Structures are given as structure tokens and as C-alpha cells.
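Participant: Annotated N-myristoyl glycine per Swiss-Prot: 2, in sequence order, evidence recorded as similarity to another entry. Annotated phosphothreonine per Swiss-Prot: 12, in sequence order. The annotation domain 'SH2' is assigned in Swiss-Prot to 149-246. Annotated active site, proton acceptor per Swiss-Prot: 387, in sequence order, evidence recorded as sequence analysis. Annotation source Swiss-Prot lists phosphotyrosine at 417, 528.
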């Protein structure tokens, strides 16, 4: 947030099983978004539906206003026949408050109270101590979820990103839930050949009626563990034998700690200023002296604390691995917004001055696909971003992109900004119906996404070069659209044009955009060869 000015065949012929089918008509894949394994469920009804595409003029003139739960299942071990389920730590965790419990990977727990959702009261069987633990850091002992190779609700594209990370050898693998077949799993393996180079193959793991598992019916196993052991010893028709388990990065906790939503200002330490805009400064900092966070400090008068707190209650329920997580707030002026820290900063700066300058088209399209995945989630939740552009996308290690500042723009009370004119308002990213009449919907976000695509392929160039805001508004109303950027494939520019349709309802959905971009180099540009720039 901020102003523009400032900122399966059998035997040896097994084939890889794609989780998403390619549609006959378009060649694009429509799959569910990857979502974190243990995020809690929040009903759509708790989030207002801002997407009234047929808003009247009066409604439109209001300015900038106006999860899948994955329960712990599997084979459970009880303690001494008492019916007490034991859980096992999947990661190390260092206590952040006096009520938290520090623990190490592999440590066993008795869960005393799991009714709190994201933070459970537990007793360590190692130390005997009790305290709160993050529920997404543990799994039932001996369950599939406790296996290092099990990645839960990881999407196909995210599995490929994980496996193709630098340093992973051929045969690196993981198992995840199937996106298309309920109760089935997918085995994803890193492979290599002369034609494709490094790539990933996916195999569907099906369940037998008697509870067993198989990839091919001639090789059946009682457990997934036995299946993994078998294919680790020999490929037996797979592209390669299983060699190394993919690295499963430690996830973000859901919130900073139990009941740590409104935090004291003195619990936050501002360490390094990362950037500033017309309405806020962004700092890297720590909470409670032990947890790295990003802190947005809003300038006085930017928005009312009451309006912000009301919107923040909605924002904190939006949880997806392509959205920057809102951790906590300081609700008294000056308002502080505490979020997860992303090491590479904003996508805009990353593209202009950072590692992004050297990226080729496959990386850039993948980053766009990640943004589309996050926006597809926002779309499903009937929410709107209102200020989608590269400055509001944050980049982490491994070129992971997450959407920030969703929903905040409508709360800004600055007169120049709310009048949708002047240097503070992002005219060049805003759909004409939103800029002229205040009709902000998910379809105006789609328009903005088309502009963001130009930022990606031009490495952060300001849209509509050589034109001021007034000229942009006038020319766009007359039908002008930006030409195809240098070295950008025609097919990608056609997608931008599709996002910039005058009629909002003719613009694509983010679900469509995600599928198109995720399969871009197989369905649309299979003959792509890298050039000097892209």
C-alpha cells in the first residue's frame, strides 16, 4: 500500500499422471490452488462480498470502499490403551512467549486441549512441561502426516517448484494429496533427460478397497511406507528410483502466538527501514525480542483505527500460502501492521534493482502464476484487493511471491487519494470503471493484474511510458491499450489484452489466469527458447 509517486501404463511403460487434466478446448489446466496443510477453516460467509459487478452509479462512487481445513488423520497411537492420542513434532520450535513450549523435531506430545484451533495446549513427554504449541507443527504419531516425505495439500505446481530447487538430485521426491481424486495421493519425482533437462513427473497413487496402495496394479502395498521403500530400491517402471526426500521448509505459524492479535507497541523493535510511501513506512523488525517480522507503520491520518480494525478482522481470516500473513496489529495511532517478513522485499524493487533483472521468461511467468493463485483464492473468498501491482507483491527465498496489502486501499482517507486523482492514486494500474466511477470488483483487480504482467516482462518499467495520469485515463477510455513489450511473446500480450477488456465481465477469472500461466510452457509456448532479455 502506498502512492505510486513514492514507491498410467503398466510394467515398464508407466507414464506420469498429471493431477489436472488439460481441457480439450483451451489447453489450459483448471486446478485447485495450493493451500497450506494445516490452516484452519474460515467460512466464506464471514467475509463480505464486495463483487457486485452491477453496482449503480451511486454505489460505485464510494471511493476505495464501497480455508480449507485439513484435520489430522491417519494411524493413531494411543498411550497405554487410554485413548490418548500422541502427537509428534515435525519441526523445531523456539518458544516466543512464557506460555509457549519449546520443542525439537521428533519430540512426542500429549495434547491437553485442541479446541483453540491454531495453538494447542500440550504436555511434552520428553520434558514433562506443558504449554502452547502451533498445531501445524505436529502430527499424530505413526500417521502419514508424520512422514518426512508427506507434503499434504501441496499443489502440482508448488511441488515442481520445490523439487526443481537448486541442488536437488535426480530422484528427489515427495508425496502429496491428489488435487483431482479424493482419497488418492500423488508421487512427484525430479527427473532428467536430454530433451527436457530437469523436470518433474507425477504419478497417481490409488487406494485399494482393502486399504492398500498402488501405482500399477502389479505392484501393490499395504502402506505408503512400503511403497516408498520399494521404489527407493528400484525404479520398477517409474522414471527413476526414489533417492532423496524433498526439503520441507518450516512453515509459518498461524499468528505469532496464542492470543497475540493486538500487541503492545513496546513488544516491537524496528530494526531497518525497508521502504516508504505516501501513507506508510515498512520496517524489518522483531516481536518479543525473538520473532522476525515486517512492520508497516501508518502515517497519522491515513485511516481511522476503527475502520482499520474492522477490516483487519476480515483480512486475518484470509489464509493462503500466496498471501502475506497478517500476524498482529497495534490499533492505537500510529497504527502498526505486523506481517510475516519476506527476505527479498517488493517485486518492483526486486525486478528493477535486484536479482530479478537477470530472470528469464519461465521464472517471470511462474511468479505471475503465483500471484494469480493468490488472487484466485481472494476471488473464491469474494474479496477484492483494490491495489494490485508489483509494489504490493513481496518476494522471498526461492522466488516465492506473496500478495500484500489486500483490502487496505479502501480505508485510506487522504483527500487527493480518495478523489482518484493526482500523483498519490495508482491510475496506471486501475481499471477505468474503478478510476472514473469507483466501481471496484474482482474484475478491476484482473485489469490490474494485466498491468502487473507488463511490469514483470519489462523488469519494473512504469506502465504507459511517456504518458501522465490524465493522458492514460483519456486514452484508455478511447480504447488505447499498451502494445506488446519488447521480447514478450504475442500469446502473453494477448492475455494482457484479455485482462483489459472494457466490459469487466468479459475479463477472465483468476482461476483461468492461474491455469493458463501454470501450463504456459506446455500448452501455449512449448517451443520457447531463452533470448538475451527474456
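Just so you know, glycine gets a Cβ as well, placed from its N, Cα and C.
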Participant: How would DSSP class the residue listed as 'active site, proton acceptor' in three states?
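Facilitator: Note: the residue listed as 'active site, proton acceptor' is coil by DSSP, not helix or strand.
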Participant: Tell me the Cα distance separating residue 528 (phosphotyrosine) from residue 387 (active site, proton acceptor), rounded to the nearest angstrom.
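Facilitator: Approximately 32 Å lies between the Cα of residue 387 (active site, proton acceptor) and that of residue 528 (phosphotyrosine).
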Participant: According to DSSP, folded down to helix, strand and coil, what is residue 528 (phosphotyrosine)?
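Facilitator: Its secondary structure by DSSP: coil.
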Participant: Count up the helix, strand and coil residues in the domain 'SH2' (149-246) according to DSSP, in that order.
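Facilitator: Helix/strand/coil tally for the domain 'SH2' (149-246): 18 helix, 31 strand, 49 coil.
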Participant: Using a 10 Å radius around each Cβ and counting other Cβ atoms from all shown chains, which of the recorded positions 387, 528 yields the largest count?
Facilitator: 387
